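**Student:** Before we start, here is the structure in question, set down as structure tokens.
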């Protein structure tokens, strides 16, 4: 790891221009951007920002609609706790695929309920529609939310990580701006059909993740660099350290690098 860090320092390229001109870095930027952009293609912010409107459309207004919105947000706390416990076991890409697949399923259920409610009022359909919205945040918070930040940061080498993540986050803000700005007009004009957009984009993310996104779970800096076609200082894998990574290896078996700074 120390050798890889030294190699990255020796390269000396750490500008935004380098991120966009080097082939291996551009691949990372594309992956990070799509990861963050795709997370907002689920429609989570639209549901969050327009929750009371959505609940009123199925027959619940006022305090009850606000209570449903509060409960919806509360579910995300438990969901992110699940991420913390399992993301290092299942893997980042696999976790996101599960999340997007689940969101596709619950959005289809939501669309069916709302389409039927448009024809006739039903207490059961209203409750089912709300349950599907709760299922949406359950999948998003447990499989996608925090996982996207992990993946979009660790695919970049140390000297490019801050800039790389900032470019990736631009995808989040771009998608948020597009979908939330359009939401008012879309919900008024096409109502529940707006969910079809999020269903299609979420399904596309499942395909893109499965076909093009490399898994980074448990990989060392060298292995991640190799995945994206970078030069590596030495062939080292995380498994070389055994379970628990380099911290689990006895100190007497590790190379210790010390640096001394002397004042003039």
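Any Cβ shown, glycine's included, is placed from N, Cα and C.
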**Student:** Identify the transmembrane segment range according to TrEMBL, selecting from 3-25, 95-117.
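**Tutor:** Matching range for transmembrane segment: 95-117.
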**Student:** Which sequence positions outside the transmembrane segment (29-50), separated from its termini by at least 6 residues, show Cβ-Cβ distances below 8 Å to it?
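**Tutor:** Here the qualifying positions are 19-20, 69, 72-73, 96, 100, 103, 107, 133, 136-137, 140, 144-145, 148, 151-152, 155-156, 164-165, 167-172, 174-176, 179-180, 183-184, 187, 194-195, 197-198, 201-202, 204-205, 208-209, 212-213.
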